[in-house]
């Protein structure tokens, strides 16, 4: 494997991880199970969606 191929693979892997980190919490109205999944820190226990702050 060439150096360019290795750098390309590392760049693609890094880009995929950036998207995961940016989407680490769910926005208001998203489906959730636990409160720590929501950006607001509040998950409705009855309807299983993220509540606003």
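Every residue, even glycine, has its Cβ placed from backbone N, Cα and C.
Lifted from Swiss-Prot, the feature list:
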| type | residues | note |
| --- | --- | --- |
| SIGNAL | 1-18 | signal peptide |
| DISULFID | 25-39 | disulfide bond |
| DISULFID | 32-43 | disulfide bond |
| DISULFID | 38-50 | disulfide bond |
Report summary line: For residue 50 (disulfide bond), the same-chain residues 6+ apart in sequence with C-beta under 8 angstroms from its C-beta are 26, 27, 28, 29, 30, 32, 37, 38, 39, 40, 42, 43, 44
Report task. Report the member of 32, 39 (the disulfide-bonded residues) whose C-beta atom has the most other C-beta atoms within 10 angstroms. Result -> 32
Query raised in the report: Which of these disulfide-bonded residues has the least crowded Cβ, counting other Cβ atoms within 10 Å: 25, 38, 43?
Result: 25
